[in-house]
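*Asks:* Grabbed the feature section from Swiss-Prot, which reads as follows:
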type: BINDING; residues: H81, H92, Y94, C100; note: Ni(2+) binding site
Amino acid sequence: METELMRIGVSLPDTLLGKFDEIIEKRGYSSRSEAIRDSIRSYISYNEWMGNIKGHHVGTIVIIYDHTQRGLSNVLTDIQHHYSHLIRSSIHIYPDREDCFEIVVLEGEGKEITELAEAIMALKGVKLSKLITTESNETDEPSIVI
């Protein structure tokens, strides 16, 4: 069965496209289109996994964001205060003049952890947001999901 391919257009900053092209060459993709398809499949798989986090979990959210984005720091703080019952610790560093790098350690119900992660991911100015969790269960060994 042959799948019909759809042509789409995407606008990207030069630096992002340059980095993507370096990865394409390093990984040996036959074309930019194949690399984009692979990236989209990975993105879909990750988001499907996020939709199925259930039960008690521990984990982290890694966030890189532009603190010069007007109001973003305040919104992030408000979101974290709303979910403060999940947050066990956080580390916040300043790698350069624009960006903030934050690691938030979480523990709680998987559904709420996912809600927190999705609220952060949706914000304009968040350059990277990655959730990593493991199920926390007293009777079983934890299973790490990345």
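Even glycines carry a Cβ here, placed using N, Cα and C.
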*Asks:* Only counting partners 6 or more residues apart, tell me which same-chain residues put their Cβ under 8 Å from the Cβ of H92 (Ni(2+) binding site).
*Replies:* C100, F101, E102
*Asks:* Three states by DSSP: which one describes H81 (Ni(2+) binding site)?
*Replies:* helix
*Asks:* How many neighbouring Cβ atoms, not counting its own, are there within 10 Å of the Cβ of H81 (Ni(2+) binding site)?
*Replies:* 9
*Asks:* Please name the residue among the binding-site residues Y94, C100 whose C-beta has the most neighbouring C-beta atoms within 10 angstroms.
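*Replies:* Comparing the binding-site residues Y94, C100, the most crowded Cβ belongs to C100.
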